[in-house]
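Worksheet: the structure to be examined is printed underneath.
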Amino acid sequence: MASSGEEPRSGSPGRAGTGTEEAAAAAADAAQLDTAEDFEVLEEEEEEDEDDLSELPPLEDVGRPPAPPREDAQRPEQGAGDAAGEPQEWLDVLGNGLLKKKTLVPGQGVDSRPQKGQDVTIRLKATLEDGTVVEEDPALTFTLGDCDVLQALDLCVQLLEMGETALIVSDAKYCYGAQGRSPDIPPKASLTLEVELLAARDAPDLELLSGKEKIQLANRKRERGNFFYQQADYVLAINSYDIALRIVGSSSKVDFSPDEEAELLDVKVKCLNNLAASQLKLDHFKAALKSCNLVLEHQPGNIKALFRKGKVLAQQGEYREAIPILKAALKLEPSNKTIHAELSKLVKKHADQRNVETEMYRKMLGNPSAAGTPGKCKDKLPWSIPWKWLFGATAIALGGVALSVVIAARN
């Protein structure tokens, strides 16, 4: 289950959790700036352009009609399915053979299926391929479609009928991926999930949530984003941070205490910082810069936002703008080795960039020689007139004098 603290922790398939042990790394400066626990995302309270997500690949969905069941998708060793009355075919949910569903106990009909955005409660039992049980939850509740749980659950529960019990066989891609979950789920492990849909109800009205409830809900989404970030799934991380920001920025009909307002702002800043980190990983520099600037509007001295803004500008080659920002961050935390290293790297890159520009200007001015330095150019003062011009001017002056003498003699 997700905790309310900063550091994401291992969790069940139904809740945000990480499975990786980052406690030691979190103590280091680099970890404090780059690990998931530094992130914090928040979506703008006003409707703004959503270019930060426009170029991201869409999340996998099951909205399209399922592919016909494949014979090779059947798993004859699933004894639980065979024992439940009339045999059922395996449904290839995404058409790629990596996520399959089989009904064990029929439900109350298609009309009883839950809708995205509803809060659903399921009974869950998760096992490895060797039969080892790694998770059991008699009443797991989550918001359908918000990626609060394993993607295998999020995709398949919306296909369950009320009261239905189903078996779901999922590739690691839709579970804990290449990292697994320490210590009980190995990397790249497939899971078999036995799921029963117990209830579905509309999600609570955000406007009616108390300050405490809103903070808890936003933190759950943020922690789920941290989980996805640590799994290197930055698209889903952005999705979770985005949802957390919508919750924080939603209007309310309930009065909050000053402490609750301050805590909501803290969640918002964390989400925005995390969002910037995720966007930076995907090279979405414009969106990451926007997220950093939103943090700095609330907290001009936020070191993480200053550091990431400097990195974004550096990635775009804007060294002149990035260096003062990193210097400001270093002034706030002079002992931070990560900022020191980044700043040193940028100063060197900026010097190299200036040398390249200087050489380019020399060539444009027709003086490719390295000896033609700006200092030597200054020696060519305005009165350094070529000798041909000086001789011509002298001749004209003498000619004028002679002409004046001739005219005077005639007179």
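Heads up, the Cβ atoms here are built off N, Cα and C, so glycines get one too.
Pulled from TrEMBL, these are the features on record:
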COMPBIAS  1-34  compositional bias 'Low complexity'
COMPBIAS  35-54  compositional bias 'Acidic residues'
DOMAIN    117-201  domain 'PPIase FKBP-type'
REGION    1-86  region 'Disordered'
REPEAT    303-336  repeat 'TPR'
TRANSMEM  387-409  transmembrane segment
Three-state composition of the repeat 'TPR' (303-336), taking helix and strand from DSSP: 27 helix, 0 strand, 7 coil
For the domain 'PPIase FKBP-type' (117-201), the number of residues DSSP places in helix, strand and coil: 12 helix, 40 strand, 33 coil
PLDDT averaged over the residues of the repeat 'TPR' (303-336): 91
